[in-house]
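Colleague: OK, TrEMBL features for this one:
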DOMAIN    8-60  domain 'Myosin N-terminal SH3-like'
DOMAIN    69-763  domain 'Myosin motor'
BINDING   G163, E164, S165, G166, A167, G168, K169, T170  ATP binding site
REGION    598-634  region 'Disordered'
COMPBIAS  600-610  compositional bias 'Polar residues'
REGION    643-665  region 'Actin-binding'
COILED    915-1105  coiled coil
REGION    1106-1127  region 'Disordered'
COMPBIAS  1116-1127  compositional bias 'Polar residues'
COILED    1155-1231  coiled coil
COILED    1336-1436  coiled coil
DOMAIN    1531-1807  domain 'Dilute'
Amino acid sequence: MAASQLYTKFARVWIPDPEEVWKSAELLKDYKPGDKVLLLHLEEGKDLEYRLDPKTKELPHLRNPDILVGENDLTALSYLHEPAVLHNLRVRFIDSKLIYTYCGIVLVAINPYEQLPIYGEDIINAYSGQNMGDMDPHIFAVAEEAYKQMARDERNQSIIVSGESGAGKTVSAKYAMRYFATVSGSASEANVEEKVLASNPIMESIGNAKTTRNDNSSRFGKYIEIGFDKRYRIIGANMRTYLLEKSRVVFQAEEERNYHIFYQLCASAKLPEFKILRLGNANHFHYTKQGGSPVIEGIDDAKEMAHTRQACTLLGISENYQMGIFRILAGILHLGNVGFTSRDSDSCAIPPKHEPLIIFCDLMGVNYEEMCHWLCHRKLATATETYIKPISKLQATNARDALAKHIYAKLFNWIVDHVNQALHSAVKQHSFIGVLDIYGFETFEINSFEQFCINYANEKLQQQFNLHVFKLEQEEYMKEQIPWTLIDFYDNQPCINLIESKLGILDLLDEECKMPKGTDDTWAQKLYNTHLNKCALFEKPRLSNKAFIIQHFADKVEYQCEGFLEKNKDTVFEEQIKVLKSSKFKMLPELFQDDEKAISPTSATSSGRTPLTRIPAKPTKGRPGQTAKEHKKTVGHQFRNSLHLLMETLNATTPHYVRCIKPNDFKFPFTFDEKRAVQQLRACGVLETIRISAAGFPSRWTYQEFFSRYRVLMKQKDVLSDRKQTCKNVLENLIPDKDKYQFGKTKIFFRAGQVAYLEKLRADKLRAACIRIQKTIRGWLQRKKYLRMRKAAITVQRYVRGYQARCYAKFLRRTKAATIIQKYWRMYVVHRKYKSKRSATIVLQSYLRGYLARNRYRKILRDHKAVIIQKWVRGWLARIHYKRSLHAIIYLQCCLRRMLAKRELKKLKIEARSVERYKKLHIGMENKIMQLQRKVDEQNKDYKCLMEKLTNLEGVYNSETEKLRSDLVRLQLSEEEAKIATGRVLSLQEEVAKLRKDLEQTRSEKKSIEERADRYKQETEQVVSTLKEENTLLKQEKEALNLLIVEQAKEMTETMEKKLVEETKQLELDLNDERLRYQNLLNEFSRLEERYDDLKEEMTVMLNVPKPGHKRTDSTHSSNESEYTFSTEIGETEDIPLRTEEPSEKKVPLDMSLFLKLQKRVTELEQEKQVMQDELDRKEEQVLRSKAKEEERPQIRGAELEYESLKRQELESENKKLKNELNELRKALSEKSAPEVTAPGAPAYRVLMEQLTSVSEELDVRKEEVLILRSQLVSQKEAIQPKNTMTDATVLLEDVQKMKDKGEIAQAYIGLKETNRSSAMDYHELNEDGELWLVYEGLKQANRLLESQLQSQKRSYENEAEALRGEIQSLKEENNRQQQLLAQNLQLPPEARIEASLQHEITRLTNENLDLMEQLEKQDKTVRKLKKQLKVFAKKIGELEVGQMENISPGQIIDEPIRPVNIPRKEKDFQGMLEYKKEDEQKLVKNLILELKPRGVAVNLIPGLPAYILFMCVRHADYLNDDQKVRSLLTSTINSIKKVLKKRGDDFETVSFWLSNTCRFLHCLKQYSGEEGFMKHNTSRQNEHCLTNFDLAEYRQVLSDLAIQIYQQLVRVLENILQPMIVSGMLEHETIQGVSGVKPTGLRKRTSSIADEGTYTLDSILRQLSSFHSVMCQHGMDPELIKQVAKQMFYIVGAITLNNLLLRKDMCSWSKGMQIRYNVSQLEEWLRDKNLMNSGAKETLEPLIQAAQLLQVKKKTDDDAEAICSMCNALTTAQIVKVLNLYTPVNEFEERVSVSFIRTIQMRLRDRKDSPQLLMDAKHIFPVTFPFNPSSLALETIQIPASLGLGFISRV
């Protein structure tokens, strides 16, 4: 493309700037070839003449279009150069708060210096399984890519994290390891992932320190290999460290610190266990106070110390070793305080009894005199003799510091080795992912040996990086079959050769170290002689002879030669090491056990003496025959070897690069310094990547994406069916230069700048189309305006003319009206005269008629009252006579009945002794039933009469109330009129009196009175006017007060209503939270149960070897099963409980209470054993002295049966206790808030597990011994054996006591059975007359009776107390309500008070009526209950009559318990029950549950048929009153359903089928339970089928819990099915074609929005939802449950879609918002089609809808911000801000969201209290409920298909 076409007017360019590095400008005129000056307009408003370089004539860099700014991948930019990269990073970091950006294969991470909420587990789950380009850049995306490639390519991976100090390398590496630990998990239960993460705090404490650039700078490099097994789960890790900065131990620069561990120790010095270290404040020690900054702001060193110790414990470093480490570290601090005093220039001494040295020697366990001596002296050896030489004070100080550094380095290596041992796995490693946290390129004012090694390592890594980038580019071109042209890239091999080749810098340094008098100056001269002017990369500073300059790939670095030799040798005095090796402190010699005496590489000096022998800091083991040279390896040599090993490892893996950038040197959050950023971008190779990409074809499009984006540039005739050919034809027309692009197999490759040109053409085409649209719209608007104006003018004319006509018509009407008024006035005058005469006549008539009527009324009233008096007197006399007669009659009846009752009593006593009594009693009960029935009928009649009376009373009461109200109103009016009339009369009387006095005075003083009268009249008028004004004001105030009262009442009412609504909502939320918590606990319980079953199966396979000893019989198993029906996770195996728990003890965290209980139990068993042993000895003596004759008994069976019985009882009791303890343990585990204490990897956990194992073994031994002793006791007590037999038995018992192994005890028991041939008698006869057994039984019965009475009294007391508390609470509420009502009534006016009291009376009567109705209902229930009991009693009596034997006397019948006998009855019709034999139960469960397939036989069944069949079987067992059968069937059913779901739990149809049947089974148990609440909708026939003998409420709860578990499993299944579809269908698929175009992308793969054949669409989601719905409907699932499933499905869709939207910048655009809203509307339409709109599913999509609306609304003004805040109430503040930050225009016509607008949103939302979490919890499951849904299907009509194979069951 010609420059004249690109550098046109208004084109934007980048020009260099000394402050901002690059500055943006705009061309003011077109550039023409040959121009030397460009006229530019800067962004700050200035104009500038930019002169081009006359030599190169290079034009300034062009700026990318705005739509490409802020891209996720820098390679997506059309113009690839330094200013474009810098600007893109700045916009993302400052404006969008995005710290991660891709640059091809590199992830650029900018340190925000602020904690961001983007590393939670929800973010990890969101990135797990995603392609790298599908989500926004993140360290988790790189980690996922490495993990995925490892699994896919079967190749090891490496993540290389580099950058300056403070750029965030360590944090990035830590998050990468956390991702692997979270996603992969561990292969064992040893929590390897926790150990891997726990290594971070340890290594940070001993290897990190505060520097001027970073508060937590890593002062060493490390490479961590995380190992995986074949299933790609973490099995272990290994760490390699590089170049620890040892000099920091003894010296720190200003504002820096030593390693963190020293300050952590000082901060924890007050701990009791640290008193021995004798530490204090960090400022007291020379090694920690030099930097002058002992505290880091915001860091608590004491807490960090606790974290470090916890991590050490987790990694298996014991407390002793930890204290050893702390002793050594404290010794180093005290060693730094050791001071020296000079004796002369060549010698020094330590003050006597120097306290720091004493403490150091005590901590290290070394001799004080020896250490004091060798700190001030050195040993010199010659060929013939050895002598000791003192050293100067400076040399002693250096030797002390060297010793401290050496000890710390050894301790560092020791800790690393132990960490690696803890992370080592015995499982074979299949693959690994390495994380390299290596120092970045460093350059300081003074650069020494450390910086040289660091930059050398970075040179090697940069070379590897360049080769890898070049290789990837070449592979891409070859895959697409693009002609490959060699790309020139920077090769830093010459620099590497300068450092490491023969006669290189390192080689010369090692050689100089071997020289006897080698110094830094001589080494510098050798460097100048060897490389100066011979190597272009080596230079000499002008003003220094002790420094050299190397041109690295990043920059020139000047190194000072001083200290190079000493640091490379890294020596320490040998005698000091020997003193440490002789330490009494065991751990210290371990640090130096690998050290060997190193021979000095120097030769003899001229004086014949050799210098001091030095010991290397990092020596290597050598063979005995090696030379001295081979023994000595310098630091540089070791570092070079380890670096080569690292490069070999990296070259054998697939590398992934993370480049960390430090945005500023002041650690300010989100502050971007362009100069510093450019330096680091150049140093880390990002710009080199850009340059390599720009040299080729950086922009790459698939043909479909290109067609979709640039379809607007094509004409209709250009569009062909072949997309590839279409793109070729269009490009040939648009870009004539064919070198600017290449066509690959699947992509089009563009040179740099071509995409920007195509975007310019596209924008011009769209702009022209917009202008045409605007032109047409504006013309249409002007025409509409003209038509409106014309219509308005016509309307005005019409109205004016109409007004004139109306005025004339008005004149005519007024004239006619005047005539009519005259006529009516004259008529009115005459009519008024007539009316006055008429009214006078009527008044006279009314008074006369009233007088006559009153006289007649008085006479009638007197007659009526006389009649009433006569009536009451006569009635009173009659009643007196009646009562006297009635009393006499009743007395006679009582006497007669008493006599008859006595006779009847005698007969009944006689009849009571006969058998016929029961028959008559039966007859009497039938009579009683009839009487009760009649009584019920009478009560119903009375109830109806009461209801009618109540209705009549209410009617009368209402009429009376209305009448009283009308009378009250009338009386009030008359009272007011009377008051007014009274006031008038009084005033008139006063006026008359005054007038009389005035008339008398008038005669004497006429004139004066007239004057006073006038004056009085005036004053009166004034007073009247004043009173009228006051009256008016009072009326206004009254009205205002009334309005205020009304408003206040209204406000109070509204406030109370709001409070009520809020409280109701809060209660609903609390209920849902509690239900959710319960269901989550249930889910966790089911998970643990499955885990337990798996472990039990594994242990069964592992321990499938017959053990000696006793095993339980079937009867024991059945009894346990019936007693613990619901403990299916424990009761399935009937071995000894402690053996059952052994395999799970590694799985389940141990509770301390269980351990203490087991210890207590062991103690009790030991005591019991001792008591039994004593009793056995005593009984043996009695038996030996006994001379009674021996009775014949069975020879073998007796002792065996006794042993079996006793052992069974003992094991049953133990089983019960241990089951209860296990349940308590599970409960405790579910309530634990700190699981890390008892985590399976914790040391406390392992200690407790070992103790539990030993206690379990001891408990088994004790139990076996007790059982043997008990059985032997019974045999010895009852058997009188021959003397020799008893002697043998006694010897055998003594041997048994000495045995400890279970096998030995079992063999001893077998021998005992063979010896004791004579059986024992019944153990009820412990002595001759059996008194002991009777007493024991009596005590047991008494204890049971007392315990039952105590429990019943306790329950009754608790119930009574609860009832009283409820009554007190209700009385308090009633009292408060009455007080409030009274207070309100007192504030009301009298009229309203009367009305309120009437209303209160009505309410009271209504409540009393309701109470009476409740009492009546309770009586009805009591009657029904009595009837049911009578039926049961009648049935039992009938069975008793049939089963009675003739020879049994009545006394025996009364004394002995009667067992009910099942009498078979012949049913005329089917009763809705199914009968099966007990042995067919497993067959029933197998055919009906285990082998029933929903897609097979179950498709043609009626919905819920298995549930109906199971319930009918339960009904039959209930009919037989067989509790064992009911429990067994229900237990087998529940366990079988669990097995089916465990086996086929990933099949939606299976889970849905059994969820439907479980709910139907639950509804059947409720519907036919006989409870009133569940029988409302039953038919009479269904009520007859209710259960009669058993209350299965507990089983209903178990089934409800099972249904909850199945529901949660159903949700997980549909989530697994839907999850792959959601993002593709809801976000990526372009449902509305052409709305959104595809933006240019980088090298990273991005999911295309164009639907391919293999991608999911919205229709795929809708089809899947319809499939789910049809399956659930086919299985007959409850409609309410289907609604809940639909709500959960829509929540999953909305949550996953929103989460991906929040993590994908390319999806946050206006057009994508339209796509989302259309997709949501399609989902809502699906809900309407399925009649699920009221399910709450639509509300779950509200956050997604609001996010889509947020993408589409205006985002400019404050009004827009207010509208957004009110609209997005379902989104959190973090989500709103995230969407606004991610909003990206797809076209140039869209505008970005300004930073100021986002800040305005944040200010408006700062008071909103919502969750800070960014992503929605996609795993959240709403609490499910199962509303009761009775079935109308009659049980007797159900037919069982033959396909089920249930021919063995019969209908009853």
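Here the Cβ of each residue, glycine as well, is placed from N, Cα and C on the backbone.
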Colleague: Are there residues of the same chain, six or more positions away from K169 (ATP binding site), whose CB falls under 8 angstroms from its CB, and which are they?
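Modeller: Spatial neighbours, sequence-distant, of K169 (ATP binding site): V161, S162, G163, S218, D437, I438, Y439, G440, C660.
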Colleague: Same chain, not part of G163, E164, S165, G166, A167, G168, K169, T170: whose C-beta falls within 8 angstroms of the C-beta centre of the ATP site? Give them in sequence order.
Modeller: N111, N214, S217, S218, G440, C660, K662
Colleague: When a 10 Å sphere is centred on the Cβ of S165 (ATP binding site), how many other Cβ atoms does it contain?
Modeller: 20
Colleague: Can you tell which of G163, G166, G168 has the least company, meaning the fewest other C-beta atoms within 10 angstroms of its C-beta, among these binding-site residues?
Modeller: G166
Colleague: Taking every residue in the coiled coil (915-1105), what is their average pLDDT?
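Modeller: So the average pLDDT across the coiled coil (915-1105) works out to 79.
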Colleague: I'd like the per-state residue tally for the region 'Actin-binding' (643-665) from DSSP, helix first, then strand, then coil.
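Modeller: Counting residues by DSSP class gives 9 helix, 8 strand, 6 coil.
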Colleague: To see if you understand the setup: which same-chain residues, six or more apart in sequence, place their Cβ under 8 Å from that of T170 (ATP binding site)?
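Modeller: The answer is E204, N208, N216, S218, D437.
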Colleague: Return the count of C-beta atoms lying within 10 angstroms of the C-beta of A167 (ATP binding site), excluding that atom itself.
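Modeller: Cβ-Cβ neighbours of A167 (ATP binding site) within 10 Å number 25.
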Colleague: If you count Cβ atoms within 10 Å of the Cβ of E164 (ATP binding site), leaving out that atom itself, what do you get?
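Modeller: Step by step: centre on the Cβ of E164 (ATP binding site), count other Cβ atoms within 10 Å, giving 25.
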Colleague: Of the residues in the domain 'Myosin N-terminal SH3-like' (8-60), how many are helix, strand and coil by DSSP?
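Modeller: Helix, strand and coil residues of the domain 'Myosin N-terminal SH3-like' (8-60) number 0 helix, 24 strand, 29 coil.
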